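Straight from TrEMBL, the features:
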| type | residues | note |
| --- | --- | --- |
| CARBOHYD | ASN94 | N-linked glycosylation site |
| DISULFID | CYS174-CYS184 | disulfide bond |
| BINDING | TYR251, ARG547 | chloride binding site |
| DISULFID | CYS379-CYS397 | disulfide bond |
| BINDING | HIS410, HIS414, GLU438 | Zn(2+) 1 binding site |
| BINDING | HIS410, HIS414, GLU438 | Zn(2+) 2 binding site |
| ACT_SITE | GLU411 | active site, proton acceptor 2 |
| ACT_SITE | GLU411 | active site, proton acceptor 1 |
| ACT_SITE | HIS538 | active site, proton donor 1 |
| ACT_SITE | HIS538 | active site, proton donor 2 |
| DISULFID | CYS563-CYS575 | disulfide bond |
Amino acid sequence: MGSLGPARWWEDCHGLDLSSTPDIVSGRQPRAEMRRFLVIAALFVSRCGAYDRTFIEGANGNLGEALQFLREYDNEASSMCTRVTEAQWLYVTNITDQNKKRMVDALSLQAKLDRVSWQKAIQFSWSSLPDPMARRQLNMLALKGRVALPQDKQEELTKIVAEMKEIFNRARVCPFSNSASSQCDLSLEPELTRVMANSRSYEEQLHAWKSWRDATGPKLRSRFINYVEIANEAARLNGFRDAGEQERAVYGVDDLMNQVSEVWSTLAPLYRQLHAYVRSRLRSHYAPPHRINPTAPIPAQLLGNMWAQNWKNILDLVLPYPGKRRADVTSEMLRQGYTPQRMIQISEEFFTSMGLKPMPVEFWHKSLLERPTNRHVACKASAWDFCNRRDYRIKQCTEVAMDDLLTTHHEMTHIQYYLHYSDLPYVFRDGANPAFHEALADAILLSVTTPKHMHRIGLLNNITDDYETDINFLLEMALDKVAYLPFAFIVDQWRWQVFSEGTRNMNTAWWELRSYHQGVIPPVSRSEDDFDPGSKYHIISDQPYIRYFISLVLQFQIHQALCTAAGHIGTLHTCDIYRSREAGRVLADIMSVGASRPWTEILRVATKGSATGLDARPMLEYFKPLSLWLRVQNRDEKMIGWVTSEQDSALYEQWSRGGSFRVDNCITTTILAVFLATCYSRYGFSH
Ligand code: X8Z
Ligand code: ZN
């Protein structure tokens, strides 16, 4: 948000039938759930009452003028994009105050162009123009961004978000073993992230977890409340009910909220199996007094990540068959004398083997593939489109290691996407929806990560083709992907709820969602003076999050479509599309249309009609062997799922503010939970 034009570079971030399973998730239905039900019901009623969103559009129905405007916009916006992207590149590859100033100046010029362009675009009665491409471009221009705000308000919003980022980036905390000489200068990256990943001490992780929240939340809370107010004002000026509705509109489907909720419900049983298995392993590791209850949510600091969103860092605690560890290809890469240049060539060859495009000349001249020693650079890997149909680059401080080889493939997928949609008008030079770029890049990694692929490119001598190695592989993937599902789901559930219902009891609402969907609880008591969502950068920096959930699900849909095209036979997690021209054609078809067609249609074509929206089944299929294994492992567990007890929810619930709904609901669900738990332990439902 914030600008009309799509983002032109990608920071990385780097990116079965279970229905009979009688899992138990209990504890209170969060009030959020109840409220959402009421909101959906109200929406339904209002839609029956002929409610429809009033699009912002004017009276000019002259197609010639609309096309003329779009041509001019295309030229101006592309040149501006080139200018801004060059300034951004210069800054992140040489961090100096002077380069920062140049970048800020370029961005402010772009903001001006965006505002003027939006004002022109909404003069047209675009929804009735006879040219579908013009209609779509104007629609996209009119819906995006916060440009509808008066200039002073827009500046205020920009200032608040900048302040929040500044507070977040400057937050520092004291070390765990604080002696008089130690300095309180630990930041999130890298120190606290390392503690969360590597420490196996309950108290040390708790310290990092709590200190980070103490250093951020309370300072951010009031600013965030102001931000919500102005973001909503912008959305209303743009014809939306609130900023959440505006965020969802970018996907162009009526029922995004229902689609994501349904997909999450379908995947939740798999998540609960993983949760039960991991909880049981953590119980073995964390001895009393740090008791982890076998029927309760897990204390949130124990899962190897500051937000418990990705559990791959605790692989050592939960690896099913330690004697069958995944072969480390890093040593083989070193033995074979790999260099960053070679890693990029290997990635390029992956794509050309499928009939896709080689990297252009500029790419080889201008990319930054190794960490320079003479200046400060932002080393996070990213892929760049300079919006002039020539200049594409990767920035990656590449080390010779397997993870970095995966990253080069991921980044190059973004470049492939840029190259394939480069002939389209500027507005359409983007992913089919905000999740598509990441989904494609991660779908490619599902092939590249397989032992089969590592063997084919000469980095593994022989593939150990046995059940235990397979389960180890899938469990590692699940700690990365399945564990992430509920977190990726709730961030925007929470944010949309705040946008639509207000900022009262925000922290309680956050923990209701976290405990209900993710099965984690805070390790220490929380209150409304805390602002725990503020510990996550995307929340305070105004970055939509549902794209990560959508991308997580879509990548398996795309992987399956590519594997079907490649004629893959066997389980989905062993598929490698390398050298398949057919898979290459499907990929090229998806990428060449950019954002010019609805993503649902692109998906329908790619899946040969089997999907027109989000579909959980490919992800379930990928993890099916693991899911069966987990059920066997968990057969003696007291509970698959969790009950949030009174004691647990007292850690975050605002009793005085909750009202009677809370108490009644609490009694009912506790009775239900006890009943179900008794049935479960007595009659042993099969999982
Ligand atoms: O924000 C990111 C990347 C940029 S696309 C750093 N990610 C999400 C997160 O950190 O929460 C990657 C995984 C999900
Ligand atoms: Zn990416």
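All residue numbers here begin at 1 and follow the chain in the order shown.
Placement of Cβ uses the backbone N, Cα and C atoms for every residue, glycine included.
Remember, predicted model here, so these are calculated numbers, not experimental data.
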- Note on the structure: For GLU438 (Zn(2+) 1 binding site), the close recorded positions (Cα within 10 Å) drawn from ASN94, CYS174, CYS397 turn out to be none
- Item | Where the C-beta lies under 6 angstroms from ligand 2, the matching recorded positions among ASN94, CYS174, CYS184, GLU438, CYS563 | GLU438
- Message: Using a 10 Å cut-off on CB atoms, tell me which of the disulfide-bonded residues CYS184, CYS397, CYS563 is the least crowded.
- Response: CYS184
- Provide, as an integer number of angstrom, the distance between the C-alpha atoms of CYS397 (disulfide bond) and GLU411 (active site, proton acceptor 2). 12
- Task: Specify the secondary structure state of CYS397 (disulfide bond) as given by DSSP, simplified to three classes.
- Result: coil
- Note on the structure: Rounded Cα distance in angstrom between CYS379 (disulfide bond) and HIS538 (active site, proton donor 1) is 19
- Per-residue Cβ crowding (10 Å cut-off), top of disulfide-bonded residues CYS174, CYS379, CYS575: CYS575
- Task: List the same-chain residues at least 6 positions away in sequence whose Cβ sits under 8 Å from the Cβ of the residue listed as 'active site, proton donor 1', in sequence order, or say none.
- Result: VAL491, PRO544, TYR545
- Item | HIS410 (Zn(2+) 1 binding site), number of other Cβ atoms within 10 Å | 26
- Message: I want to verify one value. Collapsing DSSP to three states, which class is the residue listed as 'active site, proton acceptor 2'?
- Response: helix
- Item | Inter-residue Cα distance where the pair is GLU411 (active site, proton acceptor 2) and CYS184 (disulfide bond), in Å | 36
- Query: Helix, strand or coil: which one is CYS563 (disulfide bond) in, per DSSP?
  - Reply: helix
- Item | Nearest of the recorded positions (ASN94, TYR251, ARG547) to HIS414 (Zn(2+) 1 binding site), judged by Cα-Cα distance | ARG547
- Query: So for TYR251 (chloride binding site), how many other CB atoms are inside 10 Å of its CB?
  - Reply: 23
- Item | For the residue listed as 'active site, proton donor 1': DSSP state (helix, strand, coil) | helix
- Query: Under a criterion of Cβ-Cβ distance under 8 Å and sequence separation of at least 6, what residues of the same chain contact ARG547 (chloride binding site)?
  - Reply: ASN433, PRO434, ALA435, GLU438
- So, in DSSP terms, is ARG547 (chloride binding site) helix, strand, or coil? helix
